[in-house]
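Q: Sharing a structure here in structure tokens format.
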Amino acid sequence: MAKIKLNQRALATTAMLTCLIFLVQVLMTNMASAERLLKDKEPEASAGKEMSPGYIVKVLHFLFQGGKSSYEPVWPDMKFDWRIVVGTIVGFLGAALGSVGGVGGGGIFVPMLTLIIGFDPKSSTAISKCMIMGASGATVYYNLRLRHPTLDMPLIDYDLTLLFQPMLMLGISIGVAFSVMFADWMVTVLLIILFLGTSTKALFKGIDTWKKETMVKKDAAKQLESESKPEDGAEEDYKPLPSGPVVLPDDEVPLRENIYWKEVALLFYVWAGFLVVQIVQTYFPTCSVTYWILNSLQVPIAASVTLFEAICLCKGTRVIASKGKEITNWKLHQILLYCSCGIIAGMVGGLLGLGGGFILGPLFLELGIPPQVASATSTFAMAFSSSMSVVEYYLLNRFPVPYAAYFALVATISAFVGQHVVRKIIAFLGRASLIIFILALTIFVSAVSLGGVGIANMVEKLENEEYMGFENLCHQS
């Protein structure tokens, strides 16, 4: 009876959460139109009265102005010059760091595309998603041949992916819609607050892991010294902790041994379901009743897989095996919290053109997942979400295909090189904490670069007295 009640509570709570997400998306979409309609209905006679508007009225007038939009796409011609050369170098380095840290590198791609290549911020966001798709796809292919550092299982944790990937993709769909509606300054404020917090958290985690690695190295040296003495008795074999500092083994295995087909089929079910919804809804007018009905179908598609995994974790029929012997008693409120983090990660990714790994990576580390597994699993989830974002942006005609194809190829090659080089360095130094430091560095650089670009654009628009409020999603496509 207790398990049945738990399942009923999980179903009810998840249903309420998904309904709220959908309602927020609809309300935010129509808010601009509603405000404009209210303004049009005001009597003209009141215009002659000399009454100073209140603070709230000024804010609403700043955010919602009928018929105004500051968005104008800027797509420079594709030609070989210094911009392409410098952009390629920066994109290559960003993809290498992002693929190793499991964050995609979008925080470096977007400023590069805006400041160097010359795209507008929203087009840069869309092309950034194409680069993340290429880098994450290459990284996943590389990681599929690798095993867990200390356990007999794949490097990618499929159960962890099943819990987060559907919510990540649901958040991506919401974030892409919000990216059309939200003004650049709103995104900039969100980015600075979020990235500074996550980068600081990741840095502290890296320092803590570095200290653990140092202790493990000392213990290993002492044990090796004691084993070299014949008078000492036999002692236990040294085994590094699953969640502690470890080094990837040199051996690789065939793909068929590392792919869990049942879990992969569920992930592709979510991906294919979202893809079908995105394609079909393009045949109907934006913001029509049919459009929103089709859009809402993404909620049960994502919730069904996440709910299945959540119930299995609560019952104990499935476990997050990458944590090793550290048993986690999953509670309902914990699962809801983690699912909410997945949705937030997707929304941030859709808004900023970044990978959800900027949130998932630090979150996985806090759960006690080894750095290598956290990076590989985060990238695996991003491969699905970023490809879906590319489809959505393509349907919205938000990027030029030649530029997107070129930079996606650059990111793909860079991801292979970055994975290979950093893997060799970690094996040589014996410090997996390097992955965490790369993660923290990438997030911090992204916060500085994206925040700087956003603030500069905000100051320019204020000087030119341009419209800086919400856009209308229904008039954008």
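The first residue you see is number 1, and the count goes up from there.
The backbone N, Cα and C atoms fix where each Cβ goes, glycine too.
Just so you know, TrEMBL annotations never went through curation; they're auto-generated.
As annotated in TrEMBL:
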type	residues	note
COMPBIAS	221-239	compositional bias 'Basic and acidic residues'
REGION	221-244	region 'Disordered'
TRANSMEM	84-114	transmembrane segment
TRANSMEM	126-144	transmembrane segment
TRANSMEM	164-197	transmembrane segment
TRANSMEM	264-284	transmembrane segment
TRANSMEM	290-314	transmembrane segment
TRANSMEM	335-361	transmembrane segment
TRANSMEM	403-422	transmembrane segment
TRANSMEM	434-459	transmembrane segment
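I would like each feature placed in context: is it buried or exposed, what are its neighbours, and how far apart are things?
A: Using a Cβ-Cβ cut-off under 8 Å and counting only residues 6 or more beyond its ends in the same chain, the transmembrane segment (126-144) has close neighbours at 91, 95, 98-99, 104-106, 109-110, 113, 119, 154-156, 255, 258-259, 353-355, 376, 379-380, 382-383, 386-387, 389-390, 393, 396, 398-399, 403-405, 407-416, 419-420.
Long-range neighbours of the transmembrane segment (264-284) within the same chain, counting only residues 6 or more positions beyond its ends whose Cβ lies under 8 Å from a Cβ of the stretch, are 158, 161-162, 165-166, 169, 173, 290-291, 294-295, 297-298, 301-302, 305, 308, 384, 387-388, 391-392, 395.
Using a Cβ-Cβ cut-off under 8 Å and counting only residues 6 or more beyond its ends in the same chain, the transmembrane segment (335-361) has close neighbours at 10, 13-14, 17, 21, 98, 101-107, 109-110, 124-129, 132, 136, 163-179, 182, 187, 190-191, 194-195, 198, 202, 306, 310, 313-314, 374-375, 377-379, 381-382, 385-386, 389, 439, 443, 446, 450.
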Q: Residues of the same chain, at least six outside the transmembrane segment (84-114), with any C-beta under 8 angstroms of its C-beta?
A: 78, 120-121, 123-125, 127-129, 131-132, 134-136, 138-139, 195, 349, 352-355, 357-358, 360-361, 374-379, 382, 386, 407, 410-415, 417-419, 421-422, 435, 438-439, 441-443, 445-447, 449-450, 452-453
Q: In the same chain, which residue numbers or ranges, 6 or more beyond the ends of the transmembrane segment (434-459), come under 8 angstroms Cβ to Cβ?
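A: For the transmembrane segment (434-459), the far contacts come to 94, 97-98, 100-103, 105-108, 110-111, 114-115, 121, 184-185, 187-188, 191-192, 195-196, 198-200, 202-203, 205-206, 209, 352, 354, 358, 361-362, 365, 371-372, 374-375, 422, 425-426, 468.
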